[in-house]
Amino acid sequence: MATCSSMDKCFVGEIPPDCSRRYPTGYTVSLAPNAKHVTPSIIKMDPSERYCYNPTLRWNPQVEEYFVKAYGVDHFARISKALTRPSLYSCIRVNTLKSTSDAVIEKLLAIFQERGWQNDPAEGANIPYSSDDIAMVPMDSSGFSDASVKKCSISKCKIPSLDYVVFVKGSGPHTIDYGYQKDKPPKEVIVSRKCAEAVLRGAHVYVPGVLACSAHVEKGKTVAVSVSVEQPGTDGGWGVGFTRGTVLQGSQTDPYHFERNGLYIGQGATMMSRAGMFRVSEGVALDMDNRVFNLPSFRDLLEGDIFLQNLPSIIAAHALDPQEGEKILDMCAAPGGKTTAIAILMKDKGEVIATDRSHNKVLDIQKLAAEMGLKCITTYKLDALRSVQRINKSVSQDAPMCGESESIQNSDSLTSKMQEISDTALDRTHELEEAASIEQLRNKVYTSKAEVRKSTRKMRNGPGRNNSLGGRVEKSKGFLPNSFDRVLLDAPCSALGLRPRLFAGEDTVESLRTHAKYQRRMFDQAVQLVRPGGVIVYSTCTINPGENEALVRYALDTYKFLSLASQHPKVGGHGLVGGCQFSDGYQE
């Protein structure tokens, strides 16, 4: 039996040589979690230092100390800088059962040309395929690339055996003229940190993400967009310390005026007036037409033929090396990207069992599998910590080998049955809602204010993946030991390797240890489920060694029959070795 270790999912790239956060002379900000908000005195400000994108990632001091010990000062500084920037390379996995990389590239070129993007074949020829190559992307002396606005390049991945992966490279970071004039700052909109991270990945600004706006802003006005990152509060926590809807005066008395230095992410045209932004609960507030990073949007693009997925996630499924006819388990499978990748690598021949503890997330997996035309995927609602079925001695020996409680072995009949259940449930829901409405009117019973507020919050935050409509899903009581040829455990983690990331202060050493504890318990389940001679791939999307290398160390020390296998393809550097002694005596 072999295990494949976690991969370093932080691909360092497009890093300006000097990304230090610059504050005006004489102004300092305390980074302690219990620090009080500082009100700076009125001082002179260099517009070039304020109206730019030059963030510094804040960490919990103990977490930062831990990572510095693990990676070294210089390496961790490079990681932190890279995390604040989106990757310029959008990674597309081609559904080879429906299309080819060449056909997808041809279609994308035509679509992007219609949308005003210019193709740059020279850039496409230089798509990097290792972390070292990405780190060496040339920059000019100011740290900004010379890529033009609305310019991209498309190329096949050069990593051996990953020719079904297509890279689309955007451009950035760009310098933007925000139209600053002495004593006349530009009109401005402040967005939330999560909204800004989405904008950096190519999204527009939606109403729920708008926190504050300048006065007298009408529809069609060009405004600067800045970010409000969580700040330390008096209670020791973090938060945005001003009321949504605040009017910006363009002065140093505005909320977090100095903290927003170097946190401008572009310009946008307002799609509604200032009043509209805070009156409605949904819709596009700003059309971002001038971005620091220009990345093409793939929303509703070539559905079923392609899937937008980070390269490490694609490699995790590829490293599992699934073969036709095998039985494979994907634990914690939602939203289904790796599940569908495994099924396609098997040419939809075999059986892929995908489990997740969330009802709605299981529905998401089903929806994606149907969109990509895959029939070998069977989904169950199951907590990964209970993946191994508890064997009851009274159970008949003719019981199913997999141990499903409500399984349907024929995936075609499952799809048909699920559709019938979904349609029936949806019709029944509409009947109940209509009946309830009539009953409320008849009895003069109205929805409570609490329910109205709850409904408003849902509308403001958007439906999200966890509120998808659908029918029932099959539940499972787990599977018998030695049931699978291969197991993929892409464990829930601290996600500290995902980027862009503008804030990391809420993660503590204790919370990181908690993640690691649950991951070990999940791995204990995976070991029991894979057959002798089988393969386990464990992966995360975090840079925390306690959830990566420490888990591999635990696996090899606990299960002497396991051996560490070579990863193919191998992208990134070597894993960390050694250990860490914490001040409370905990040793990792």
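For all residues, glycine too, the Cβ spot is worked out from N, Cα and C.
Those TrEMBL annotations? Automatic predictions, nothing curated.
Look at TrEMBL and you will find C541 tagged as active site, nucleophile. Residues or ranges marked as S-adenosyl-L-methionine binding site by TrEMBL: C332, A333, A334, P335, G336, G337, K338, D356, D383, D490. The domain 'SAM-dependent MTase RsmB/NOP-type' feature in TrEMBL is assigned to 239-588. Per TrEMBL, the feature region 'Disordered' maps to 449-474.
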About how far apart, in whole Å, are the alpha carbons (Cα) of C541 (active site, nucleophile) and K338 (S-adenosyl-L-methionine binding site)?
-> 13
Rounded to a whole angstrom, what is the largest C-alpha distance between any two of the residues C332, A333, A334, P335, G336, G337, K338, D356, D383, D490 that the record assigns to S-adenosyl-L-methionine?
-> 19
Protein Cβ atoms within 10 Å of D383 (S-adenosyl-L-methionine binding site), excluding its own | 16
Counting only residues 6+ apart in the same chain, whose Cβ is under 8 Å from the Cβ of G336 (S-adenosyl-L-methionine binding site)?
-> A354, D364, I365, L368, A369
Far apart in sequence but close in space: which same-chain residues, 6 or more away, have a Cβ under 8 Å from K338 (S-adenosyl-L-methionine binding site)?
-> S313, A316, A317, D330, L488, D490
Under 8 Å Cβ to Cβ from C332 (S-adenosyl-L-methionine binding site), same chain, six or more residues apart: give me those in sequence order, or none if nothing qualifies.
-> T355, D356, A384, L489, D490, A491, P492, M522
